[in-house]
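Enquirer: The structure is given below, and queries will be raised subsequently.
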Amino acid sequence: MELATRSQIPKEVADIFNAPSDDEEFVGFQDDVPMENLSESCGSLDSLELEKQNACLHSKYFTEELRRIFKEDTDSDNEDFEGFTESELNIGSNPELIESELSDGDKTHPMMSDEEDDDDEEEAAPRRGRQSTRSSFGLRVAFQFPTKKTAKTPDKNSPHLLGGKTDLRREKSCRQPKEKEDSASDAEDESRAESQETSDALLKRAMNIKENKAMLAQLLAELNSVPDFFPVRTPPSASRRRTPRRAFSEGQITRRVNPTRSARPPEKFALENFTFSATKLTEELYSFRRRKTISGGKCQKYRRHRISSFRSVKDITEEELENIAITVRDKVYDKVLGNTCHQCRQKTIDTKTVCRNQGCGGVRGQFCGPCLRNRYGEDVRTALLDPKWTCPPCRGICNCSYCRRRDGRCATGILIHLAKFYGYDNVKEYLESLQKQL
(Lines of atoms letter the chains of each structure in order from A and count residues from 1; the text may use other names and numbers.)
(Lines give C-alpha, C1' and ligand atoms only; values in the text may rest on other atoms or scores of the structure.)
Protein backbone atom coordinates (compact mmCIF):
# COMPACT_ATOMS: atom_id res chain seq x y z
CA MET A 1 0.00 0.00 0.00
CA GLU A 2 2.82 2.31 0.84
CA LEU A 3 4.62 1.44 -2.40
CA ALA A 4 1.48 2.11 -4.42
CA THR A 5 1.09 5.54 -3.02
CA ARG A 6 4.76 6.36 -3.49
CA SER A 7 4.63 5.26 -7.13
CA GLN A 8 2.10 7.95 -7.82
CA ILE A 9 4.46 10.84 -6.79
CA PRO A 10 6.01 12.41 -9.89
CA LYS A 11 9.56 13.66 -10.16
CA GLU A 12 8.58 17.29 -10.34
CA VAL A 13 6.90 17.05 -6.94
CA ALA A 14 9.99 15.46 -5.49
CA ASP A 15 12.12 18.22 -6.94
CA ILE A 16 9.96 20.74 -5.10
CA PHE A 17 10.82 19.15 -1.74
CA ASN A 18 14.48 18.50 -2.53
CA ALA A 19 15.41 21.72 -4.32
CA PRO A 20 16.29 24.75 -2.15
CA SER A 21 13.90 27.67 -2.49
CA ASP A 22 15.57 31.10 -2.27
CA ASP A 23 12.80 33.23 -3.69
CA GLU A 24 9.95 31.70 -1.70
CA GLU A 25 9.03 32.07 1.95
CA PHE A 26 7.49 29.49 4.23
CA VAL A 27 4.29 30.78 5.76
CA GLY A 28 3.41 28.00 8.22
CA PHE A 29 1.65 24.68 8.77
CA GLN A 30 -2.05 24.13 8.60
CA ASP A 31 -3.88 22.33 11.42
CA ASP A 32 -5.33 18.86 10.85
CA VAL A 33 -8.97 19.12 9.94
CA PRO A 34 -11.45 16.44 8.80
CA MET A 35 -12.54 16.12 5.21
CA GLU A 36 -15.97 17.51 5.97
CA ASN A 37 -14.51 20.86 6.93
CA LEU A 38 -12.05 21.01 4.05
CA SER A 39 -14.37 23.05 1.85
CA GLU A 40 -14.92 25.53 4.64
CA SER A 41 -11.17 25.87 5.21
CA CYS A 42 -10.62 26.50 1.51
CA GLY A 43 -13.27 29.22 1.56
CA SER A 44 -11.68 30.86 4.55
CA LEU A 45 -8.31 30.69 2.81
CA ASP A 46 -9.74 32.45 -0.23
CA SER A 47 -11.25 35.19 1.93
CA LEU A 48 -7.92 35.63 3.72
CA GLU A 49 -6.18 35.97 0.37
CA LEU A 50 -8.59 38.73 -0.59
CA GLU A 51 -7.89 40.60 2.66
CA LYS A 52 -4.13 40.47 2.19
CA GLN A 53 -3.78 42.33 -1.04
CA ASN A 54 -0.13 43.19 -0.64
CA ALA A 55 1.03 39.52 -0.16
CA CYS A 56 1.00 37.12 -3.10
CA LEU A 57 0.19 33.64 -1.65
CA HIS A 58 0.26 31.66 -4.93
CA SER A 59 3.08 29.64 -6.47
CA LYS A 60 3.72 28.20 -9.88
CA TYR A 61 4.64 24.86 -8.30
CA PHE A 62 1.27 24.53 -6.48
CA THR A 63 -0.29 21.92 -8.87
CA GLU A 64 -3.51 19.91 -8.64
CA GLU A 65 -1.60 16.77 -7.82
CA LEU A 66 0.19 18.47 -4.96
CA ARG A 67 -3.10 19.80 -3.63
CA ARG A 68 -4.61 16.33 -3.67
CA ILE A 69 -1.69 14.91 -1.76
CA PHE A 70 -1.92 17.44 1.04
CA LYS A 71 -5.73 17.24 1.33
CA GLU A 72 -5.70 13.50 2.04
CA ASP A 73 -5.98 12.31 5.64
CA THR A 74 -3.38 10.10 7.17
CA ASP A 75 -4.32 6.63 8.34
CA SER A 76 -2.14 6.78 11.38
CA ASP A 77 -0.84 9.83 13.20
CA ASN A 78 2.25 8.03 14.42
CA GLU A 79 3.85 7.62 10.96
CA ASP A 80 6.59 10.06 9.93
CA PHE A 81 7.81 11.09 6.51
CA GLU A 82 11.28 9.67 5.86
CA GLY A 83 11.85 11.00 2.32
CA PHE A 84 11.58 9.80 -1.30
CA THR A 85 13.26 6.67 -2.73
CA GLU A 86 15.08 6.39 -6.07
CA SER A 87 12.27 4.32 -7.59
CA GLU A 88 9.78 7.04 -6.70
CA LEU A 89 12.00 9.62 -8.33
CA ASN A 90 12.32 7.50 -11.52
CA ILE A 91 8.62 6.85 -11.76
CA GLY A 92 8.09 10.51 -12.49
CA SER A 93 8.44 9.84 -16.24
CA ASN A 94 4.73 9.17 -16.60
CA PRO A 95 3.47 11.28 -19.55
CA GLU A 96 0.01 11.68 -18.10
CA LEU A 97 1.31 13.21 -14.93
CA ILE A 98 3.67 15.48 -16.84
CA GLU A 99 0.84 16.74 -19.04
CA SER A 100 -1.34 17.40 -16.02
CA GLU A 101 1.50 19.32 -14.36
CA LEU A 102 2.18 21.37 -17.50
CA SER A 103 -1.48 22.23 -17.83
CA ASP A 104 -1.54 23.23 -14.18
CA GLY A 105 1.72 25.21 -14.54
CA ASP A 106 0.20 27.42 -17.21
CA LYS A 107 -2.33 28.66 -14.63
CA THR A 108 -1.14 31.71 -12.78
CA HIS A 109 -3.42 31.19 -9.77
CA PRO A 110 -4.28 27.58 -8.97
CA MET A 111 -6.44 28.53 -6.00
CA MET A 112 -9.06 30.64 -7.72
CA SER A 113 -11.82 32.35 -5.89
CA ASP A 114 -14.44 31.51 -8.50
CA GLU A 115 -17.51 29.49 -7.49
CA GLU A 116 -17.03 26.84 -10.24
CA ASP A 117 -13.54 25.87 -9.09
CA ASP A 118 -14.74 25.61 -5.50
CA ASP A 119 -17.54 23.22 -6.54
CA ASP A 120 -15.10 21.02 -8.49
CA GLU A 121 -12.75 20.85 -5.55
CA GLU A 122 -15.58 19.85 -3.20
CA GLU A 123 -16.66 17.00 -5.57
CA ALA A 124 -13.10 15.72 -6.12
CA ALA A 125 -12.22 15.64 -2.45
CA PRO A 126 -14.51 12.69 -1.40
CA ARG A 127 -13.48 10.69 -4.49
CA ARG A 128 -9.82 10.99 -3.64
CA GLY A 129 -10.56 9.99 -0.08
CA ARG A 130 -12.18 6.75 -1.17
CA GLN A 131 -9.47 5.77 -3.68
CA SER A 132 -6.47 6.51 -1.47
CA THR A 133 -5.38 3.42 0.45
CA ARG A 134 -1.85 4.49 1.36
CA SER A 135 -0.65 5.99 4.62
CA SER A 136 0.43 9.60 4.00
CA PHE A 137 2.45 11.93 6.16
CA GLY A 138 1.58 12.99 9.67
CA LEU A 139 2.06 16.64 8.78
CA ARG A 140 0.32 18.59 6.06
CA VAL A 141 2.03 21.70 4.79
CA ALA A 142 0.28 24.51 3.00
CA PHE A 143 2.79 25.96 0.58
CA GLN A 144 1.89 29.55 0.07
CA PHE A 145 4.81 31.42 -1.34
CA PRO A 146 4.27 35.17 -1.39
CA THR A 147 6.46 37.00 -3.79
CA LYS A 148 8.95 39.37 -2.24
CA LYS A 149 8.25 43.00 -2.75
CA THR A 150 11.37 45.07 -2.48
CA ALA A 151 10.65 48.13 -0.41
CA LYS A 152 11.46 50.99 -2.66
CA THR A 153 13.25 53.74 -0.84
CA PRO A 154 11.70 57.07 -1.72
CA ASP A 155 13.96 59.32 -3.69
CA LYS A 156 14.61 62.63 -2.04
CA ASN A 157 14.69 64.37 -5.38
CA SER A 158 11.44 62.83 -6.60
CA PRO A 159 8.81 65.33 -7.75
CA HIS A 160 6.21 63.82 -5.40
CA LEU A 161 8.34 64.45 -2.32
CA LEU A 162 9.28 67.91 -3.50
CA GLY A 163 5.64 68.72 -4.11
CA GLY A 164 4.71 67.43 -0.65
CA LYS A 165 7.42 69.53 0.97
CA THR A 166 6.30 72.63 -0.84
CA ASP A 167 2.72 71.92 0.21
CA LEU A 168 3.81 71.54 3.83
CA ARG A 169 5.77 74.78 3.66
CA ARG A 170 2.81 76.56 2.19
CA GLU A 171 0.56 75.21 4.93
CA LYS A 172 3.04 76.31 7.60
CA SER A 173 3.42 79.73 6.02
CA CYS A 174 -0.35 80.04 5.91
CA ARG A 175 -0.68 78.90 9.50
CA GLN A 176 1.91 81.37 10.83
CA PRO A 177 0.09 84.54 9.73
CA LYS A 178 -3.15 83.05 11.00
CA GLU A 179 -1.55 82.36 14.38
CA LYS A 180 -0.07 85.87 14.43
CA GLU A 181 -3.44 87.36 13.59
CA ASP A 182 -5.06 85.28 16.33
CA SER A 183 -2.43 86.37 18.89
CA ALA A 184 -2.76 90.01 17.80
CA SER A 185 -6.53 89.83 18.10
CA ASP A 186 -6.20 88.25 21.56
CA ALA A 187 -3.79 91.01 22.65
CA GLU A 188 -6.16 93.67 21.32
CA ASP A 189 -9.04 92.07 23.21
CA GLU A 190 -7.00 92.00 26.41
CA SER A 191 -5.92 95.64 25.99
CA ARG A 192 -9.51 96.66 25.35
CA ALA A 193 -10.64 94.78 28.44
CA GLU A 194 -7.93 96.44 30.56
CA SER A 195 -8.75 99.90 29.21
CA GLN A 196 -12.41 99.25 29.89
CA GLU A 197 -11.61 98.22 33.47
CA THR A 198 -9.43 101.29 34.05
CA SER A 199 -12.07 103.59 32.59
CA ASP A 200 -14.71 101.99 34.81
CA ALA A 201 -12.46 102.43 37.85
CA LEU A 202 -11.81 106.10 37.02
CA LEU A 203 -15.51 106.75 36.55
CA LYS A 204 -16.26 105.08 39.86
CA ARG A 205 -13.56 107.14 41.58
CA ALA A 206 -14.90 110.37 40.10
CA MET A 207 -18.41 109.50 41.29
CA ASN A 208 -17.13 108.76 44.80
CA ILE A 209 -15.23 112.06 44.93
CA LYS A 210 -18.29 113.94 43.78
CA GLU A 211 -20.47 112.26 46.41
CA ASN A 212 -17.93 112.97 49.16
CA LYS A 213 -17.69 116.63 48.19
CA ALA A 214 -21.46 116.98 48.20
CA MET A 215 -21.69 115.33 51.63
CA LEU A 216 -18.92 117.57 53.00
CA ALA A 217 -20.61 120.70 51.69
CA GLN A 218 -23.88 119.61 53.28
CA LEU A 219 -22.19 119.02 56.65
CA LEU A 220 -20.46 122.41 56.55
CA ALA A 221 -23.75 124.11 55.73
CA GLU A 222 -25.39 122.41 58.72
CA LEU A 223 -22.54 123.46 61.01
CA ASN A 224 -22.69 127.06 59.82
CA SER A 225 -26.43 127.13 60.47
CA VAL A 226 -25.76 126.54 64.20
CA PRO A 227 -23.22 129.25 65.21
CA ASP A 228 -23.67 128.77 68.99
CA PHE A 229 -22.69 125.11 68.77
CA PHE A 230 -19.20 125.94 67.48
CA PRO A 231 -18.23 129.47 68.60
CA VAL A 232 -15.74 131.13 66.30
CA ARG A 233 -12.66 132.38 68.10
CA THR A 234 -11.38 135.67 66.78
CA PRO A 235 -7.59 135.81 66.75
CA PRO A 236 -6.11 138.50 69.00
CA SER A 237 -5.01 141.64 67.25
CA ALA A 238 -1.37 142.39 66.66
CA SER A 239 -1.53 145.48 68.89
CA ARG A 240 -2.48 143.36 71.89
CA ARG A 241 0.33 140.94 71.33
CA ARG A 242 2.97 143.65 71.41
CA THR A 243 4.30 144.39 74.84
CA PRO A 244 4.56 148.09 75.63
CA ARG A 245 8.09 149.34 75.24
CA ARG A 246 9.58 150.47 78.51
CA ALA A 247 10.31 154.14 78.49
CA PHE A 248 13.82 155.18 79.36
CA SER A 249 14.01 156.50 82.92
CA GLU A 250 16.35 159.22 84.00
CA GLY A 251 16.94 157.45 87.31
CA GLN A 252 19.94 155.53 88.56
CA ILE A 253 21.55 153.28 85.98
CA THR A 254 22.80 149.93 87.11
CA ARG A 255 26.33 149.01 86.26
CA ARG A 256 26.73 146.79 83.26
CA VAL A 257 27.78 143.27 84.21
CA ASN A 258 28.65 140.53 81.82
CA PRO A 259 26.08 137.70 81.99
CA THR A 260 27.07 134.32 83.26
CA ARG A 261 27.66 131.99 80.35
CA SER A 262 27.53 128.26 80.58
CA ALA A 263 29.85 128.06 77.57
CA ARG A 264 32.55 130.06 79.34
CA PRO A 265 35.69 127.96 79.76
CA PRO A 266 36.48 126.86 83.30
CA GLU A 267 39.21 128.34 85.42
CA LYS A 268 42.82 127.44 84.68
CA PHE A 269 41.80 126.51 81.15
CA ALA A 270 44.69 125.67 78.82
CA LEU A 271 47.24 126.06 81.58
CA GLU A 272 50.14 123.67 81.65
CA ASN A 273 50.69 121.67 84.81
CA PHE A 274 54.31 122.04 85.75
CA THR A 275 55.45 119.44 88.25
CA PHE A 276 58.20 120.41 90.67
CA SER A 277 60.51 117.95 92.24
CA ALA A 278 60.78 117.67 96.03
CA THR A 279 64.38 118.82 96.09
CA LYS A 280 63.63 122.04 94.19
CA LEU A 281 60.68 122.76 96.48
CA THR A 282 62.83 122.39 99.60
CA GLU A 283 65.50 124.61 98.09
CA GLU A 284 62.98 127.34 97.35
CA LEU A 285 61.59 127.19 100.88
CA TYR A 286 65.07 127.29 102.38
CA SER A 287 66.09 130.33 100.33
CA PHE A 288 62.84 132.14 101.20
CA ARG A 289 63.38 131.59 104.93
CA ARG A 290 66.97 132.69 104.65
CA ARG A 291 66.01 135.96 102.91
CA LYS A 292 63.39 136.59 105.55
CA THR A 293 65.83 136.22 108.42
CA ILE A 294 68.40 138.45 106.73
CA SER A 295 65.91 141.26 106.07
CA GLY A 296 64.68 141.20 109.64
CA GLY A 297 61.31 139.66 108.95
CA LYS A 298 60.29 142.06 106.21
CA CYS A 299 59.87 140.88 102.62
CA GLN A 300 61.08 143.11 99.81
CA LYS A 301 58.27 144.81 97.93
CA TYR A 302 58.73 145.58 94.28
CA ARG A 303 57.25 148.78 92.84
CA ARG A 304 54.45 148.21 90.39
CA HIS A 305 54.54 150.24 87.19
CA ARG A 306 51.37 150.85 85.23
CA ILE A 307 51.82 150.10 81.57
CA SER A 308 50.59 153.12 79.66
CA SER A 309 49.92 153.54 75.92
CA PHE A 310 51.43 157.03 75.99
CA ARG A 311 53.77 157.52 73.09
CA SER A 312 55.47 160.66 72.04
CA VAL A 313 55.37 162.04 68.54
CA LYS A 314 58.97 160.99 67.99
CA ASP A 315 58.00 157.33 68.50
CA ILE A 316 55.50 157.35 65.63
CA THR A 317 57.05 155.86 62.50
CA GLU A 318 56.19 156.37 58.87
CA GLU A 319 55.00 152.76 58.54
CA GLU A 320 52.41 153.34 61.27
CA LEU A 321 51.16 156.44 59.49
CA GLU A 322 50.79 154.47 56.24
CA ASN A 323 48.90 151.73 58.11
CA ILE A 324 46.04 154.08 59.03
CA ALA A 325 42.63 152.86 57.73
CA ILE A 326 40.76 155.46 55.71
CA THR A 327 37.62 153.42 54.89
CA VAL A 328 36.03 150.33 56.36
CA ARG A 329 37.46 148.17 53.56
CA ASP A 330 41.00 149.01 54.71
CA LYS A 331 40.43 147.45 58.11
CA VAL A 332 41.86 143.95 58.63
CA TYR A 333 40.43 141.94 61.53
CA ASP A 334 42.79 139.94 63.75
CA LYS A 335 41.72 138.70 67.15
CA VAL A 336 45.29 137.87 68.22
CA LEU A 337 47.52 140.68 66.96
CA GLY A 338 44.92 143.41 66.53
CA ASN A 339 43.95 146.21 68.97
CA THR A 340 40.42 147.32 69.79
CA CYS A 341 38.75 150.55 68.76
CA HIS A 342 36.89 152.38 71.55
CA GLN A 343 33.99 153.36 69.28
CA CYS A 344 33.23 150.24 67.18
CA ARG A 345 34.82 147.61 69.47
CA GLN A 346 36.43 145.82 66.50
CA LYS A 347 39.86 144.26 66.82
CA THR A 348 41.91 145.20 63.77
CA ILE A 349 45.59 145.62 62.92
CA ASP A 350 45.41 149.15 61.53
CA THR A 351 47.02 152.08 63.39
CA LYS A 352 44.84 153.86 65.96
CA THR A 353 45.09 157.11 67.94
CA VAL A 354 47.10 157.60 71.11
CA CYS A 355 45.77 159.88 73.87
CA ARG A 356 48.42 162.26 75.25
CA ASN A 357 46.66 162.63 78.59
CA GLN A 358 48.76 161.14 81.41
CA GLY A 359 45.71 159.70 83.19
CA CYS A 360 44.30 158.02 80.05
CA GLY A 361 45.53 154.78 78.67
CA GLY A 362 44.53 151.51 77.08
CA VAL A 363 41.48 151.07 74.88
CA ARG A 364 39.89 154.33 76.06
CA GLY A 365 42.05 156.58 73.88
CA GLN A 366 42.20 154.29 70.79
CA PHE A 367 40.05 155.25 67.78
CA CYS A 368 40.29 153.89 64.23
CA GLY A 369 40.28 156.15 61.18
CA PRO A 370 36.61 155.68 59.97
CA CYS A 371 35.14 156.04 63.50
CA LEU A 372 37.13 159.17 64.39
CA ARG A 373 36.21 160.87 61.09
CA ASN A 374 32.50 159.90 60.92
CA ARG A 375 31.67 160.35 64.59
CA TYR A 376 33.85 163.37 65.50
CA GLY A 377 35.14 164.87 62.24
CA GLU A 378 38.84 164.40 63.09
CA ASP A 379 41.80 162.64 61.41
CA VAL A 380 44.02 159.94 62.95
CA ARG A 381 47.18 161.21 61.23
CA THR A 382 46.87 164.72 62.71
CA ALA A 383 45.99 163.23 66.11
CA LEU A 384 49.15 161.11 66.15
CA LEU A 385 51.35 164.02 65.12
CA ASP A 386 49.78 166.41 67.69
CA PRO A 387 51.56 166.14 71.09
CA LYS A 388 48.63 167.77 72.95
CA TRP A 389 45.78 165.69 71.45
CA THR A 390 43.37 164.07 73.89
CA CYS A 391 40.71 161.46 73.20
CA PRO A 392 36.93 162.29 73.09
CA PRO A 393 36.19 160.51 76.40
CA CYS A 394 38.77 162.71 78.13
CA ARG A 395 37.12 165.76 76.58
CA GLY A 396 33.62 164.56 77.52
CA ILE A 397 32.24 164.48 73.97
CA CYS A 398 32.27 160.70 73.37
CA ASN A 399 29.02 159.48 71.78
CA CYS A 400 29.65 155.70 71.94
CA SER A 401 26.96 153.46 73.40
CA TYR A 402 28.83 152.81 76.67
CA CYS A 403 29.59 156.44 77.40
CA ARG A 404 26.05 157.60 76.56
CA ARG A 405 24.54 154.89 78.75
CA ARG A 406 26.80 155.97 81.59
CA ASP A 407 25.50 159.50 81.18
CA GLY A 408 21.89 158.26 81.07
CA ARG A 409 21.31 158.49 77.34
CA CYS A 410 20.38 155.88 74.75
CA ALA A 411 22.66 154.62 72.03
CA THR A 412 22.48 156.52 68.77
CA GLY A 413 23.21 153.71 66.34
CA ILE A 414 24.37 154.50 62.82
CA LEU A 415 23.64 158.22 62.40
CA ILE A 416 26.25 159.23 59.86
CA HIS A 417 23.87 158.82 56.88
CA LEU A 418 21.12 160.82 58.62
CA ALA A 419 23.61 163.52 59.62
CA LYS A 420 24.87 163.85 56.06
CA PHE A 421 21.28 163.95 54.85
CA TYR A 422 20.68 167.04 57.00
CA GLY A 423 23.95 168.63 55.88
CA TYR A 424 26.30 167.77 58.74
CA ASP A 425 29.76 166.30 58.30
CA ASN A 426 29.80 164.09 61.43
CA VAL A 427 27.51 162.75 64.14
CA LYS A 428 28.85 165.08 66.89
CA GLU A 429 27.70 168.23 65.07
CA TYR A 430 24.30 166.68 64.34
CA LEU A 431 23.76 165.79 68.03
CA GLU A 432 24.85 169.27 69.13
CA SER A 433 22.33 170.84 66.75
CA LEU A 434 19.60 168.65 68.22
CA GLN A 435 20.62 169.64 71.73
CA LYS A 436 20.39 173.32 70.81
CA GLN A 437 16.91 172.84 69.38
CA LEU A 438 15.74 171.44 72.71
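Backbone N, Cα and C define each Cβ position, glycine as well.
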Enquirer: Need the matching range: Swiss-Prot marks region 'PSIP1-binding' on one of 55-114, 295-354, and I'd like to know which.
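Expert: It is 55-114 that Swiss-Prot describes as region 'PSIP1-binding'.
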Enquirer: Ranges 9-33, 384-408, 409-433: which does Swiss-Prot label motif 'Integrase domain-binding motif 1 (IBM1)'?
Expert: 9-33
Enquirer: Provide, as an integer number of angstrom, the distance between the C-alpha atoms of SER183 (phosphoserine) and LYS213 (SUMO2 cross-link).
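Expert: Just about 45 Å between their Cα atoms.
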Enquirer: What average pLDDT does the predicted model assign to the region 'PSIP1-binding' (55-114)?
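Expert: Mean model confidence (pLDDT) across the region 'PSIP1-binding' (55-114) is 56.
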Enquirer: Near LYS213 (SUMO2 cross-link), which residues of its chain come within a Cβ-Cβ distance under 8 Å, counting only those 6 or more away in sequence?
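Expert: Listed in sequence order, there are none.
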Enquirer: C-alpha of LYS210 (SUMO2 cross-link) to C-alpha of SER185 (phosphoserine): distance in Å?
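Expert: About 37 Å separates the two Cα atoms.
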